[in-house]
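Engineer: Handing you a structure now.
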């Protein structure tokens, strides 16, 4: 029974939330349109949380993903404002994320700074950089090419449902592709296997011939890359960029991974569990907004729910 | 002898974990003033029984009396109040606090004016506690973490001996101790017995038990098989009781002699903590390394395994220069390693058996070195496991759930999986029961028969003599001598380790 609560408590809670919202909001919540909408709302968080899962598999953290997302958005917007083509702006922004992540990885694995400290420092650095290069201003309006903003509004038409045309948003497609890529990486490749070994016992992994330093560096780079992708998606969705727009992503990404860990056997991060974690957060946000619950109250509720889920899974893990 | 009231009696003890019985009606009776051995293979139920007595685990059924009175031990506090003291294998200490603070942890520190801690007095009292074990080389104000594992264990034992309890339960207390330290501990245990208190002594070292203990209780598969005085029983009888079958030999005989071809050679090899050493190993040869702990054995092994920066000298493997810069390079050259601490260094406890085995061989155990092939890995692991009599539900079982001996077999399976040319072993059978020990020695024999060379670092002298062809003695970072193992006596080997003159020609 206890084991059951530990493994499936979060899923049961999720179902309870779905039932509750469907009962309270029968006309607007359980509709295909709303669900497609949710997938779009959570797509940025999904991409960032998928990247976060990679470092958390090794038992590490990256607190800088929010700042990296903002910075990537700003860099792309500035380049587009300077008349560069969209593809170049996107490529450079992704490169900035990759390099920022590699910098984190170098601090953590080569220099040996605790991830918490190292990424706390780079979080401030990336945020500061975003302000410096943008002059603290929001870049929007004519500076952003229409095509860039249109991308987030577009999607693949799925037909009609209840007389309304619905489509799978482009941003959701990107999120799905990223999740699939991370799933393949973590679950199907020797690289993922080695990351899990590092997370389980770094010394044993090292003595088994795993290049711990190099793998950690690569993992942080990938997390940075995903953060930049999330930042670009955000910028496209609001057709503008400002130096703080990614700041909410970091805590939510870590919360989603943690929610996910409550569903795995030994509490290790799993990408598909992270997906559930992200959707739980997204559904809560969506439902509570529709019920016009005040956004501050929403924060309290979401925080309490995370505590509840993690507590339920640790209660049975053994008393100390 | 008049029937006396037992100090501790636990009967009809049963306990199942998730439906799997760990104890099924075990019993244990300890009289006052005796040293009582609790014996059995890993997984026989010793740890569970001790945890029940310590109040850490609740028994499903149990009748426990202390001095004839029925008691229930539902918490560690209850066990403490009943006068039971526990010294565990994995001792709970705080390495960043001083020796004295650790000794007095959970007790009231001596105070000045009832308020400020009187540190000088605390250190003096700690020194008195250490004196009881005849320890004069440990400074009580030193950080505990700075001490060797053996010294930490001694500190832990002195703390448990501080107040006079009725029964001291010791789980493998000598695992990390040198012979001298063990002897000192045994002296104190005999003093305890003389004072009327008792000791419940758990160990895999039969020689110790035969020399130290008065009585023994043998557990097998969660039942007490036998209990009685140790006066009229032989070493072999005890082993047979524990594993339930006769064992003719503790060490399997080598089937072939070492060949002439040299596998590995070190020439004036040196690193920090290792003065230049030279030796060579032939195909099928086992070179034992003896010496007091910290004599440079670890440094030697780590240099050969690419985990320590070699400062001077050269190595060759099958005649070619061998310069591993990382453990990965060592594995690549088919040099395998079984580290000293299987939990901390050898295994990823929360991952399946097969993942642990293939971890060092993923390049070959995958498609194109990239794509995992778990089914193939599982078949491979199951085959290796069956070959070394690994007891597990299947290759997908988590290592965490295995007994110590079977965990060690997984470490060996990982080492053997790459068909090594040179196998480095550090304390390969520490905390492993008799049956699994034999299986592990058989693995070593099988490898040497195929032509692999083995370097065996061990503090278990009978094992060194029983398995090695030659034994190198290390002292203060140097190899002082290399002797033939055949016909070597333990006493001679000890003297060599201490650098004392012996009657034999080395």
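The backbone N, Cα and C atoms fix where each Cβ goes, and this holds for glycine too.
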Engineer: Please identify the range among A:57-82, A:135-160, A:161-186 that TrEMBL labels transmembrane segment.
Structural biologist: A:161-186
Engineer: Labelled transmembrane segment by TrEMBL, one stretch among A:12-32, A:243-263. Can you tell me which?
Structural biologist: A:12-32
Engineer: Are there residues at least six beyond either end of the transmembrane segment (A:86-103) with Cβ under 8 Å to its Cβ atoms? List them, or say none.
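Structural biologist: Same-chain residues near the transmembrane segment (A:86-103) but 6 or more away: 62, 64, 68-69, 71-73, 75-77, 79-80, 122, 126, 145, 147-148, 217, 220-229, 231-232.
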Engineer: For the transmembrane segment (A:296-315), name the stretch out of A:12-32, A:38-56, A:110-133, A:161-186, A:217-235 with the most CB-CB pairs under 8 Å.
Structural biologist: A:12-32
Engineer: If I count Cβ-Cβ pairs under 8 A between the transmembrane segment (A:161-186) and each of A:38-56, A:110-133, A:217-235, which range comes out on top?
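Structural biologist: The stretch with the most close Cβ contacts to the transmembrane segment (A:161-186) is A:38-56.
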